[in-house]
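As structure tokens, the structure follows; a few thoughts come after it.
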Amino acid sequence: MVAVAVFGNIIVMWIILAHKRMRTVTNYFLVSLAFSDASMAAFNTLVNFIYALHNEWYFGEAYCRFHNFFPITAIFASIYSMSAIAVDRYMAIINPLKPRLSATSTKVVIGSIWVFAFVLAFPQCLYSEIKVTPRRTLCLLVWPGSGKKLTYQIIVVLFVYCFPLLVMGITYTIVGITLWGGEIPGDTSDKYHEQLRAKRKVVKMMIVVVVTFAICWLPYHIFFIVTALDIKVERWKYIQQIYLAIFWLAMSSTMYNPIIYCCLNKRFRAGFKRAFRWCPFIEVSSYDELELKSTRFNPTRQSSLYTVSRMESSMTVVFDPNDGETSRSVHKKRVTSSESTLNGCSRKNSTDASTNSIFISSPCTSVDCYS
């Protein structure tokens, strides 16, 4: 499990950061999510399992503080990265003409998420102590008051589980109703159905990610709320075995996302094939190679424009960079045009009075284009 989580998430980060076509707003949040999952699997999973199994702390006071501090940090960063993706999908689909986050703004949001994660987890570091007894050494959280532990656990559950899941539930419900029950605002082009299918795939993938996370971490949060409410629970005969089962279920969430991406997204699947191309049974096709090729357009541009000139039988097409297409002209003839901007993206307006042109805007970003 640890190996799958660590190497799977490292490959996800490599796929996004090493290929310009994958460097989009949503995918930057996926990098943050992958980093938190890989870090938690590498630094906490095995150590926590050894400690829970032997009930003996072997790793010193400094790592004791880190061991109690980092999981809350990583969980917070993970779920708020998913929340940011949900909001990004909401803005892209429900309000497609509004400005989207730039790459710089996205990095600022990710940095803010991690800062808040450190702040929320700091009490775990502050109150961690090593307790040496005649029989064993323990790594403990020693709270200054009887009610502080319960208060903190409630805050953690609210801010690291309930609130972000509520936000994601609302946004994905609205997005789902829009995608499956109505029309996307601004999308009436010939490529409407193709884009609709692509956006549905991405929303399905992210819903699977969120539901998996929620299921894996629910018993974990319930366990700590119950033990904070009634300390006698910690003295139950099989409480150690119960905790280990709950802990492994929670930690297993770190390995599922790379598997989900690979199964449900063709570009990530192509990236995983490239990463494992040294395996004799992995074949990388020319199509897989093209999936990750960058286009010549700036990946932050967010809209596509179809300008069809009927009088001159010419067509100029500017696709979203993530769509994997390049601009092309059919029956090249001069079309007089001028630049204007919408939603931070360039579009061309025909100024030839004899030319009958059609303009259609279709915002498209991230892994949703088009897998």
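Backbone N, Cα and C define each Cβ position, glycine as well.
Among the features that TrEMBL reports, domain 'G-protein coupled receptors family 1 profile' is placed at 8-261.
If you look up TrEMBL, you'll see 28-54 (among others) marked as transmembrane segment.
Cβ neighbours of C64 (disulfide bond) (same chain, under 8 Å, six or more residues apart in sequence): W57, S128, E129, I130, C139. Per TrEMBL, disulfide bond is recorded for C64-C139.
Away from its own ends, the transmembrane segment (66-87) comes close to residues 26, 29-30, 32-33, 35-37, 39-40, 43-44, 47-48, 51, 59, 109-110, 113-114, 116-118, 120-122, 124-125, 128, 139, 141, 156, 159-161, 164-165, 167-168, 171-172, 206, 209-210, 213, 217 of its chain (Cβ-Cβ under 8 Å, at least six residues beyond either end). The feature transmembrane segment is assigned by TrEMBL to 66-87 (among others).
Look at TrEMBL and you will find 108-130 (among others) tagged as transmembrane segment. For the transmembrane segment (108-130), the residues of the chain that approach it from at least six positions outside its boundaries are 28-29, 31-32, 57, 60-61, 64-74, 76-77, 80-81, 84, 101, 137-144, 152, 155-156, 159-160, judged by C-beta separation under 8 angstroms.
Panel annotation: around the transmembrane segment (150-181), residues 72, 75-76, 79-80, 82-83, 86-87, 89-90, 93-94, 120, 123, 143, 196, 199-200, 203, 206-207, 210, 214, 217-218, 221, 224-225, 228-229 of the same chain, lying at least six beyond its termini, place a Cβ under 8 Å from a Cβ of the stretch. TrEMBL lists 150-181 (among others) with the feature transmembrane segment.
The transmembrane segment feature in TrEMBL is assigned to 202-222 (among others).
If you look at the transmembrane segment (242-264), the same-chain residues 6 or more away from its ends with a CB under 8 A from one of its CBs are 1, 4-5, 8-9, 11-12, 30, 33-34, 37-38, 40-41, 44-45, 48-49, 52-53, 201, 204-205, 208-209, 212-213, 216-217, 219-220, 223, 236, 272, 367, 371. The transmembrane segment annotation in TrEMBL covers 242-264 (among others).
Long-range Cβ contacts of the transmembrane segment (202-222) within its own chain (Cβ-Cβ under 8 Å, at least 6 residues beyond either end) map to 26, 75, 78-79, 82, 85-86, 89, 93, 156-157, 160-161, 165, 168, 172, 175-176, 179, 246-247, 249-250, 252-253, 256-257, 260-261, 264-265, 366-368, 371. On the 0 to 100 pLDDT scale, the model's mean across the domain 'G-protein coupled receptors family 1 profile' (8-261) is 87. Mapped onto three states, the DSSP output places C139 (disulfide bond) in strand.
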